[in-house]
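S.K.: If you scroll down you'll find the structure; I have some questions about it.
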Amino acid sequence: MSRPGQGVMVPVNGLGFPPQNVARVVVWEWLNEHSRWRPYTATVCHHIENVLKEDARGSVVLGQVDAQLVPYIIDLQSMHQFRQDTGTMRPVRRNFYDPSSAPGKGIVWEWESDGGAWTAYDMDICITIQNAYEKQHPWLDLSSLGFCYLIYFNSMSQMNRQTRRRRRLRRRLDLAYPLTVGSIPKSQSWPVGANSGQPCSCQQCLLVNSTRAASNAILASQRRKAPIAPAAPPAPPPPQPPSHTHTPVCTVCSPGAWEQQPACPPLPGLHPELWGGPGVPERNPNPQIVPALPVKNLNGTGPVHPALAGMTGILLCAAGLPVCLTRAPKPILHPPPVSKSDVKPVPGVPGVCRKTKKKHLKKSKNPEDVVRRYMQKVKNPPDEDCTICMERLVTASGYEGVLRNKSVRPELVGRLGRCGHMYHLLCLVAMYSNGNKDGSLQCPTCKAIYGEKTGTQPPGKMEFHVIPHSLPGFADTQTIRIVYDIPTGIQGPEHPNPGKKFTARGFPRHCYLPNNEKGRKVLRLLITAWERRLIFTIGTSNTTGESDTVVWNEIHHKTEFGSNLTGHGYPDASYLDNVLAELTAQGVSEAMSKA
């Protein structure tokens, strides 16, 4: 399928503008670490456009409209997003789409992550999905966009073509993105060309320029406070730049270019008078009307030197803006030291440790036997789609000719016992054969589990006990501490790369639960999940990108003891209920255990 709704970019110093007298929807996007342009929400884009109309060379504080974006500032001239607490800088762009496309209608397509959160697709993918949806296509292949996924609209799901894994997707109505018409106002024009003074955007230059600007601003401030001295002889006029044109070379990051090229201009977005000399602006006479901007991480590390974060505060202060210089709070990951005599067993939970060994493969569990155990044959299937192969149930399975199985005819259809969803038997055999092959079956539509689901967790040890400290939000109860420890090893036949070594980073891992009735219930089910090898798996880390390593497996844990700065701590009123739901989705619950 072709790629509809491709954005039109007409860059002018990093900023895109629509053709004259043509209406376009404006979508601001930022470049992530995977080199993919991710859209800001419509609310944030409206805010950026409003600031752009007022001051095309200014900065946009994203936290004014989105509490989750408090650390972020966009500099409109350099077209970069700056994170105050880490110093990270990312490029941004202003992209344009047809008003009849998804962003113009306020339509957002999202997929569900492992943790149950909904994430918006990239804008070009969102537009492609919406176009196929409006044309009533039953499915959409995203391979033309570089993704090995199939979108099924009848089941509102996304399937990985390689792993056959499915995720839910949804279509949501939101605020429409801002609309722009006409040519660029002169106040929003940026100089273009070799002599335009376009700043170098490398991180080294930004650091040097910001430091230089701050130093000049401080010196100018001191000159204002110094007593009046006799007039000094006039300074000689500054040297004139050469009249010939040339390709600008940065004097900071290009060795030997100082004599032949002009120095880098001031840091984008700063008033030129901040570079020292007369005319440095006075402080804002009414600072209460300007919100204080916290500048954090003054002693941390990041892609940009921490001094840049501090210099941002100094420069804003010199410009008359009140700045709150604070240090970013550090998460409290571990409790105070606990002696062995203070560590107690968990009431109602036998033992203090569980170990898992290598998987013992069950015999006589061929795919046909497993599928037939949980399905009832349907003689007259309805004329509807099989959500695995997307062929009609009244026709042969889409795996005919792909999967050779003489004992299962491609036209046979069965109904799962509890949930009643119907599929081709051959499709379910193919799905089971691509999975863990543990004797259990999971309905691809409603996720109902038949049998006992087990995972691919490597061998390791799980310890649990009570410590005499309380979690935030549970002042009257002590704490259950869980310690997971998995060593490095060799992948087995159930893993992605059998025979290859896997790593185990960050072990032992400490997790925490309140020692109350619900917390002990969660612990008992976590022990069951551990014994079924469902807590961890081997895959690719979402944080480091490392492959063939031990990662969490869709059951969230709290690893932050005394705070919740990372989202993995307390207080969190809904955590215990959420993790119980995650365990149930893995087939682990007290009702299932009793059954």
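Every residue, even glycine, has its Cβ placed from backbone N, Cα and C.
TrEMBL lists 230-242 with the feature compositional bias 'Pro residues'. The compositional bias 'Basic residues' annotation in TrEMBL covers 354-364. According to TrEMBL, the domain 'WWE' annotation covers 14-94, 95-171. Per TrEMBL, domain 'RING-type' is recorded for 386-447. If you look up TrEMBL, you'll see 222-247, 336-366 marked as region 'Disordered'.
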S.K.: Looking only at the domain 'WWE' (95-171), report the model's average pLDDT.
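M.R.: A mean pLDDT of 90 is what the model gives the domain 'WWE' (95-171).
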S.K.: Can you count helix, strand and coil residues in the domain 'WWE' (95-171) using DSSP?
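M.R.: Secondary-structure breakdown of the domain 'WWE' (95-171): 20 helix, 29 strand, 28 coil.
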S.K.: Under the DSSP assignment, what numbers of helix, strand and coil residues are found in the domain 'RING-type' (386-447)?
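M.R.: Summed by class, the stretch gives 9 helix, 10 strand, 43 coil.
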S.K.: When secondary structure is assigned with DSSP, how many helix, strand and coil residues does the domain 'WWE' (14-94) contain?
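M.R.: Going through the domain 'WWE' (14-94) residue by residue, I get 19 helix, 30 strand, 32 coil.
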